[in-house]
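Here's the structure we're looking at; comments come further down.
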Amino acid sequence: MKARSIVIGLLVSAVFLYLAFRKTDLHEIGAHLGGADHWYLLPASVLTILAFWIRALRWGVLLHPLRPIRIGPLFSATMIGFMGNNLLPMRLGELVRAWVIARSARIRGSAALATIVVERLFDLFSVAAIFGLILLFAPFHHRPFKMGVLLALAVGAGVLGALIFFHLRGEDSSALARRFLPRALRPRVLRLLESFQSGLGIFRDRRRLALIAGLTMLMWFCFAVVVVLCFAAARLEAGGETLPPLASLVVLVVMAIGIMVPSGPGFVGTLQAAAVLGLAIVGYRDQNRALSFSILYHATQWFPVVAVGLVCLMRENLSLAQMGRLTSEATLAEGGGPGQGDAR
(Lines of atoms letter the chains of each structure in order from A and count residues from 1; the text may use other names and numbers.)
(Lines give C-alpha, C1' and ligand atoms only; values in the text may rest on other atoms or scores of the structure.)
Protein backbone atom coordinates (compact mmCIF):
# COMPACT_ATOMS: atom_id res chain seq x y z
CA MET A 1 0.00 0.00 0.00
CA LYS A 2 1.45 3.36 -0.99
CA ALA A 3 1.92 5.99 1.72
CA ARG A 4 0.37 8.53 -0.64
CA SER A 5 -2.91 6.58 -0.67
CA ILE A 6 -2.98 6.55 3.12
CA VAL A 7 -2.28 10.28 3.38
CA ILE A 8 -4.89 11.21 0.75
CA GLY A 9 -7.51 9.00 2.38
CA LEU A 10 -6.86 10.45 5.83
CA LEU A 11 -6.97 14.02 4.49
CA VAL A 12 -10.31 13.39 2.77
CA SER A 13 -11.74 11.91 5.98
CA ALA A 14 -10.44 14.84 8.02
CA VAL A 15 -12.10 17.37 5.70
CA PHE A 16 -15.47 15.61 5.85
CA LEU A 17 -15.24 15.15 9.63
CA TYR A 18 -14.68 18.90 9.96
CA LEU A 19 -17.68 19.62 7.73
CA ALA A 20 -19.87 17.21 9.70
CA PHE A 21 -18.86 18.27 13.21
CA ARG A 22 -18.42 22.02 12.87
CA LYS A 23 -20.97 24.04 14.85
CA THR A 24 -21.96 21.00 16.92
CA ASP A 25 -21.90 20.26 20.64
CA LEU A 26 -19.79 17.17 21.36
CA HIS A 27 -21.22 16.87 24.88
CA GLU A 28 -24.75 16.85 23.49
CA ILE A 29 -23.80 14.25 20.87
CA GLY A 30 -22.35 12.13 23.67
CA ALA A 31 -25.54 12.52 25.69
CA HIS A 32 -27.64 11.43 22.72
CA LEU A 33 -25.43 8.38 22.22
CA GLY A 34 -25.68 7.52 25.92
CA GLY A 35 -29.45 7.87 25.82
CA ALA A 36 -29.88 5.85 22.64
CA ASP A 37 -31.96 2.67 22.57
CA HIS A 38 -29.05 0.35 21.87
CA TRP A 39 -31.21 -2.78 21.60
CA TYR A 40 -32.17 -1.72 18.08
CA LEU A 41 -28.53 -2.14 17.05
CA LEU A 42 -28.69 -5.92 17.49
CA PRO A 43 -31.27 -6.61 14.74
CA ALA A 44 -29.63 -3.88 12.66
CA SER A 45 -26.30 -5.70 12.88
CA VAL A 46 -27.91 -9.05 11.98
CA LEU A 47 -29.62 -7.46 8.97
CA THR A 48 -26.30 -5.94 7.90
CA ILE A 49 -24.67 -9.37 7.76
CA LEU A 50 -27.74 -10.75 5.94
CA ALA A 51 -27.37 -7.97 3.35
CA PHE A 52 -23.74 -8.97 2.78
CA TRP A 53 -24.79 -12.62 2.44
CA ILE A 54 -27.24 -11.51 -0.27
CA ARG A 55 -24.43 -9.50 -1.88
CA ALA A 56 -22.30 -12.65 -1.92
CA LEU A 57 -25.14 -14.59 -3.60
CA ARG A 58 -25.40 -11.88 -6.25
CA TRP A 59 -21.65 -11.93 -6.80
CA GLY A 60 -21.85 -15.68 -7.34
CA VAL A 61 -24.37 -15.13 -10.16
CA LEU A 62 -21.93 -12.69 -11.78
CA LEU A 63 -19.02 -15.11 -11.37
CA HIS A 64 -20.95 -18.14 -12.63
CA PRO A 65 -19.87 -17.75 -16.30
CA LEU A 66 -16.26 -18.00 -15.11
CA ARG A 67 -16.83 -20.83 -12.63
CA PRO A 68 -19.70 -21.93 -10.34
CA ILE A 69 -18.64 -21.08 -6.78
CA ARG A 70 -20.30 -22.17 -3.54
CA ILE A 71 -21.75 -19.55 -1.18
CA GLY A 72 -19.18 -20.33 1.55
CA PRO A 73 -16.10 -19.02 -0.32
CA LEU A 74 -18.16 -16.16 -1.79
CA PHE A 75 -19.36 -15.02 1.63
CA SER A 76 -15.85 -15.32 3.11
CA ALA A 77 -14.31 -13.25 0.32
CA THR A 78 -17.09 -10.67 0.60
CA MET A 79 -16.71 -10.23 4.35
CA ILE A 80 -12.91 -10.15 4.17
CA GLY A 81 -13.09 -7.54 1.42
CA PHE A 82 -15.53 -5.29 3.27
CA MET A 83 -13.53 -5.72 6.46
CA GLY A 84 -10.62 -4.48 4.34
CA ASN A 85 -12.67 -1.42 3.39
CA ASN A 86 -13.18 -0.79 7.12
CA LEU A 87 -9.49 -1.16 7.95
CA LEU A 88 -7.77 0.18 4.81
CA PRO A 89 -8.10 3.55 3.06
CA MET A 90 -9.34 4.31 -0.46
CA ARG A 91 -11.67 1.24 -0.67
CA LEU A 92 -8.67 -1.07 -1.08
CA GLY A 93 -10.73 -3.90 0.35
CA GLU A 94 -12.20 -4.39 -3.12
CA LEU A 95 -8.79 -5.57 -4.32
CA VAL A 96 -8.54 -7.90 -1.33
CA ARG A 97 -11.99 -9.33 -2.11
CA ALA A 98 -11.02 -10.10 -5.70
CA TRP A 99 -7.74 -11.69 -4.60
CA VAL A 100 -9.38 -13.90 -1.96
CA ILE A 101 -12.01 -15.32 -4.32
CA ALA A 102 -9.41 -15.78 -7.06
CA ARG A 103 -7.23 -17.67 -4.59
CA SER A 104 -10.00 -19.96 -3.33
CA ALA A 105 -11.85 -20.51 -6.63
CA ARG A 106 -8.78 -20.70 -8.90
CA ILE A 107 -9.81 -17.96 -11.30
CA ARG A 108 -7.85 -15.00 -12.62
CA GLY A 109 -7.66 -12.03 -10.27
CA SER A 110 -8.35 -9.59 -13.10
CA ALA A 111 -11.52 -11.51 -14.01
CA ALA A 112 -12.70 -11.45 -10.39
CA LEU A 113 -12.00 -7.72 -10.19
CA ALA A 114 -13.98 -7.16 -13.40
CA THR A 115 -17.06 -8.78 -11.83
CA ILE A 116 -16.72 -6.42 -8.86
CA VAL A 117 -16.74 -3.47 -11.27
CA VAL A 118 -19.92 -4.84 -12.87
CA GLU A 119 -21.40 -5.40 -9.40
CA ARG A 120 -20.73 -1.76 -8.50
CA LEU A 121 -22.44 -0.68 -11.70
CA PHE A 122 -25.54 -2.61 -10.62
CA ASP A 123 -25.36 -0.73 -7.32
CA LEU A 124 -25.18 2.53 -9.26
CA PHE A 125 -28.27 1.58 -11.27
CA SER A 126 -30.15 0.64 -8.10
CA VAL A 127 -29.26 3.96 -6.45
CA ALA A 128 -30.52 5.74 -9.58
CA ALA A 129 -33.76 3.71 -9.40
CA ILE A 130 -34.27 4.62 -5.74
CA PHE A 131 -33.61 8.24 -6.67
CA GLY A 132 -36.35 7.98 -9.29
CA LEU A 133 -38.75 6.55 -6.69
CA ILE A 134 -37.97 9.43 -4.36
CA LEU A 135 -38.47 11.95 -7.14
CA LEU A 136 -41.94 10.56 -7.83
CA PHE A 137 -43.22 10.13 -4.29
CA ALA A 138 -41.16 12.33 -1.96
CA PRO A 139 -43.43 14.53 0.20
CA PHE A 140 -40.76 17.21 0.64
CA HIS A 141 -39.37 19.83 -1.71
CA HIS A 142 -35.62 20.32 -1.88
CA ARG A 143 -34.72 21.74 -5.26
CA PRO A 144 -30.92 21.03 -5.16
CA PHE A 145 -31.63 17.44 -4.15
CA LYS A 146 -34.18 16.92 -6.91
CA MET A 147 -31.74 18.41 -9.41
CA GLY A 148 -29.19 15.92 -8.10
CA VAL A 149 -31.72 13.13 -8.59
CA LEU A 150 -32.20 14.11 -12.23
CA LEU A 151 -28.43 14.29 -12.70
CA ALA A 152 -27.98 10.84 -11.14
CA LEU A 153 -30.67 9.40 -13.41
CA ALA A 154 -28.95 10.95 -16.43
CA VAL A 155 -25.57 9.56 -15.36
CA GLY A 156 -27.10 6.13 -14.75
CA ALA A 157 -28.69 6.14 -18.20
CA GLY A 158 -25.40 7.24 -19.75
CA VAL A 159 -23.43 4.50 -18.02
CA LEU A 160 -26.03 1.91 -19.03
CA GLY A 161 -25.79 3.07 -22.64
CA ALA A 162 -22.00 2.88 -22.53
CA LEU A 163 -22.16 -0.65 -21.10
CA ILE A 164 -24.56 -1.79 -23.80
CA PHE A 165 -22.28 -0.31 -26.46
CA PHE A 166 -19.21 -1.94 -24.91
CA HIS A 167 -21.04 -5.27 -24.66
CA LEU A 168 -22.15 -5.15 -28.30
CA ARG A 169 -18.95 -3.63 -29.71
CA GLY A 170 -16.26 -4.95 -27.39
CA GLU A 171 -14.04 -5.79 -30.36
CA ASP A 172 -13.88 -2.10 -31.26
CA SER A 173 -12.63 -1.26 -27.75
CA SER A 174 -9.87 -3.85 -28.05
CA ALA A 175 -8.94 -2.53 -31.49
CA LEU A 176 -8.67 1.02 -30.13
CA ALA A 177 -6.48 -0.22 -27.27
CA ARG A 178 -4.16 -2.00 -29.71
CA ARG A 179 -3.95 1.08 -31.88
CA PHE A 180 -3.40 3.88 -29.38
CA LEU A 181 -1.91 2.42 -26.18
CA PRO A 182 1.87 2.15 -25.66
CA ARG A 183 3.16 -1.34 -26.38
CA ALA A 184 4.25 -1.84 -22.75
CA LEU A 185 0.71 -1.26 -21.43
CA ARG A 186 -1.13 -3.03 -24.23
CA PRO A 187 -1.13 -6.66 -22.95
CA ARG A 188 -2.31 -5.71 -19.46
CA VAL A 189 -5.08 -3.41 -20.68
CA LEU A 190 -6.25 -5.99 -23.23
CA ARG A 191 -6.47 -8.62 -20.48
CA LEU A 192 -8.53 -6.25 -18.35
CA LEU A 193 -10.83 -5.44 -21.29
CA GLU A 194 -11.26 -9.14 -21.98
CA SER A 195 -12.12 -9.80 -18.33
CA PHE A 196 -14.56 -6.90 -18.22
CA GLN A 197 -16.19 -8.10 -21.42
CA SER A 198 -16.68 -11.55 -19.89
CA GLY A 199 -18.24 -9.90 -16.84
CA LEU A 200 -20.74 -8.15 -19.10
CA GLY A 201 -21.74 -11.54 -20.50
CA ILE A 202 -24.44 -11.59 -17.82
CA PHE A 203 -26.47 -9.24 -20.04
CA ARG A 204 -26.98 -12.14 -22.47
CA ASP A 205 -28.81 -14.21 -19.84
CA ARG A 206 -32.14 -12.61 -18.98
CA ARG A 207 -32.87 -15.12 -16.24
CA ARG A 208 -29.64 -14.39 -14.40
CA LEU A 209 -30.08 -10.68 -15.03
CA ALA A 210 -33.51 -10.83 -13.38
CA LEU A 211 -32.03 -12.79 -10.47
CA ILE A 212 -29.34 -10.13 -9.99
CA ALA A 213 -31.96 -7.38 -10.07
CA GLY A 214 -34.06 -9.20 -7.46
CA LEU A 215 -31.09 -9.82 -5.16
CA THR A 216 -30.03 -6.18 -5.54
CA MET A 217 -33.48 -4.95 -4.49
CA LEU A 218 -33.51 -7.35 -1.52
CA MET A 219 -30.05 -6.20 -0.41
CA TRP A 220 -31.01 -2.52 -0.52
CA PHE A 221 -34.24 -3.29 1.34
CA CYS A 222 -32.18 -4.81 4.17
CA PHE A 223 -29.99 -1.72 4.36
CA ALA A 224 -33.07 0.55 4.35
CA VAL A 225 -34.49 -1.37 7.33
CA VAL A 226 -31.12 -0.98 9.08
CA VAL A 227 -31.43 2.79 8.61
CA VAL A 228 -34.97 2.73 10.10
CA LEU A 229 -33.73 0.71 13.09
CA CYS A 230 -30.90 3.20 13.63
CA PHE A 231 -33.40 6.08 13.41
CA ALA A 232 -35.23 4.39 16.29
CA ALA A 233 -32.00 3.71 18.19
CA ALA A 234 -30.97 7.37 17.93
CA ARG A 235 -34.47 8.52 18.98
CA LEU A 236 -34.47 11.05 16.15
CA GLU A 237 -38.07 12.08 16.81
CA ALA A 238 -37.47 12.64 20.54
CA GLY A 239 -36.57 16.27 19.83
CA GLY A 240 -40.03 16.96 18.43
CA GLU A 241 -39.08 16.66 14.75
CA THR A 242 -40.81 14.10 12.53
CA LEU A 243 -39.42 12.18 9.58
CA PRO A 244 -41.31 11.72 6.29
CA PRO A 245 -42.07 8.14 5.12
CA LEU A 246 -39.27 8.03 2.54
CA ALA A 247 -36.64 9.52 4.86
CA SER A 248 -34.82 6.20 5.25
CA LEU A 249 -34.42 5.84 1.47
CA VAL A 250 -33.18 9.42 1.08
CA VAL A 251 -30.62 9.04 3.86
CA LEU A 252 -29.57 5.61 2.56
CA VAL A 253 -28.87 6.76 -0.99
CA VAL A 254 -27.10 9.94 0.15
CA MET A 255 -24.87 7.84 2.42
CA ALA A 256 -24.29 5.34 -0.41
CA ILE A 257 -23.10 8.18 -2.63
CA GLY A 258 -21.05 9.70 0.17
CA ILE A 259 -19.04 6.56 0.84
CA MET A 260 -18.23 6.26 -2.87
CA VAL A 261 -15.74 9.09 -2.25
CA PRO A 262 -12.31 7.50 -1.60
CA SER A 263 -11.42 8.28 2.00
CA GLY A 264 -9.74 6.92 5.10
CA PRO A 265 -10.45 3.49 6.61
CA GLY A 266 -14.08 2.65 7.24
CA PHE A 267 -15.49 5.68 5.39
CA VAL A 268 -14.93 7.80 8.50
CA GLY A 269 -15.99 11.37 7.81
CA THR A 270 -17.67 10.79 4.47
CA LEU A 271 -20.42 8.69 6.07
CA GLN A 272 -21.01 11.22 8.87
CA ALA A 273 -21.21 14.17 6.48
CA ALA A 274 -23.52 12.25 4.12
CA ALA A 275 -25.84 11.19 6.95
CA VAL A 276 -26.17 14.78 8.19
CA LEU A 277 -26.80 15.98 4.63
CA GLY A 278 -29.39 13.27 3.98
CA LEU A 279 -31.32 14.15 7.14
CA ALA A 280 -31.12 17.85 6.30
CA ILE A 281 -32.62 17.11 2.88
CA VAL A 282 -35.70 15.54 4.49
CA GLY A 283 -36.03 18.57 6.76
CA TYR A 284 -34.35 17.26 9.92
CA ARG A 285 -32.30 20.12 11.40
CA ASP A 286 -30.97 18.78 14.71
CA GLN A 287 -27.37 18.22 13.64
CA ASN A 288 -26.31 16.80 17.01
CA ARG A 289 -28.95 14.06 16.88
CA ALA A 290 -28.18 13.50 13.19
CA LEU A 291 -24.54 12.87 14.05
CA SER A 292 -25.52 10.50 16.84
CA PHE A 293 -27.55 8.57 14.25
CA SER A 294 -24.56 8.48 11.88
CA ILE A 295 -22.31 7.07 14.61
CA LEU A 296 -24.84 4.38 15.57
CA TYR A 297 -25.38 3.44 11.93
CA HIS A 298 -21.62 3.37 11.38
CA ALA A 299 -21.28 0.99 14.33
CA THR A 300 -23.65 -1.49 12.64
CA GLN A 301 -21.53 -1.33 9.48
CA TRP A 302 -18.15 -1.59 11.21
CA PHE A 303 -18.14 -3.90 14.22
CA PRO A 304 -20.22 -6.83 12.83
CA VAL A 305 -18.42 -6.68 9.48
CA VAL A 306 -14.96 -6.69 11.06
CA ALA A 307 -15.92 -9.45 13.53
CA VAL A 308 -17.31 -11.75 10.84
CA GLY A 309 -14.49 -10.75 8.48
CA LEU A 310 -11.87 -11.84 11.02
CA VAL A 311 -13.57 -15.24 11.38
CA CYS A 312 -13.61 -15.63 7.60
CA LEU A 313 -9.97 -14.54 7.42
CA MET A 314 -8.97 -17.33 9.82
CA ARG A 315 -11.13 -19.78 7.89
CA GLU A 316 -9.20 -18.92 4.71
CA ASN A 317 -5.86 -19.32 6.57
CA LEU A 318 -4.99 -15.68 5.94
CA SER A 319 -3.78 -12.91 8.24
CA LEU A 320 -4.29 -9.16 8.50
CA ALA A 321 -0.66 -8.68 7.45
CA GLN A 322 -1.28 -10.66 4.26
CA MET A 323 -4.44 -8.68 3.61
CA GLY A 324 -2.46 -5.46 3.81
CA ARG A 325 0.11 -6.78 1.33
CA LEU A 326 -2.59 -7.80 -1.14
CA THR A 327 -3.63 -4.21 -1.86
CA SER A 328 -1.22 -3.82 -4.74
CA GLU A 329 -3.04 -3.61 -8.05
CA ALA A 330 -0.11 -5.32 -9.71
CA THR A 331 -1.05 -8.56 -7.96
CA LEU A 332 -4.37 -8.58 -9.75
CA ALA A 333 -3.26 -7.23 -13.09
CA GLU A 334 -0.58 -9.80 -13.90
CA GLY A 335 -1.45 -12.40 -16.47
CA GLY A 336 -2.35 -15.44 -14.39
CA GLY A 337 -3.23 -13.59 -11.24
CA PRO A 338 -3.95 -15.44 -8.06
CA GLY A 339 -5.62 -18.72 -8.60
CA GLN A 340 -3.08 -19.80 -11.20
CA GLY A 341 -0.58 -21.22 -8.75
CA ASP A 342 0.82 -18.11 -7.06
CA ALA A 343 -1.75 -17.74 -4.29
CA ARG A 344 0.25 -18.42 -1.19
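Glycine is no exception: its Cβ is also placed from the backbone N, Cα and C atoms.
Just so you know, TrEMBL annotations are computer predictions that nobody has curated.
Feature annotation from TrEMBL assigns transmembrane segment to 38-57, 121-141, 147-168, 209-236, 242-260, 290-313.
Taking every recorded stretch in 38-57, 209-236, 242-260, 290-313 and counting its Cβ pairs under 8 Å to the transmembrane segment (121-141), the highest total belongs to 242-260. Note on the transmembrane segment (38-57): residues 71, 74-75, 77-79, 82, 119, 215, 218-219, 222-223, 225-226, 229-230, 232-233, 296-297, 299-301, 303-305, 308 of its chain, located 6 or more positions outside it, place their CB under 8 angstroms from a CB of the stretch. Sequence-distant contacts of the transmembrane segment (242-260) (same chain, at least 6 residues past either end, Cβ-Cβ under 8 Å): 16, 123, 127, 130-131, 133-134, 137-140, 145, 152, 220, 223-225, 227-228, 231, 236, 267, 270-271, 273-275, 277-279, 281-284, 297.
Residues 20-21, 24, 29, 32-33, 36, 41, 44-46, 48-49, 52, 75-77, 79-80, 82-84, 86-87, 226-227, 230-231, 233-234, 236, 255, 266-268, 271-272, 275-276, 279-280, 284, 319-320, 323 of the same chain lie 6+ residues outside the transmembrane segment (290-313) yet bring a C-beta within less than 8 angstroms of a C-beta in it.
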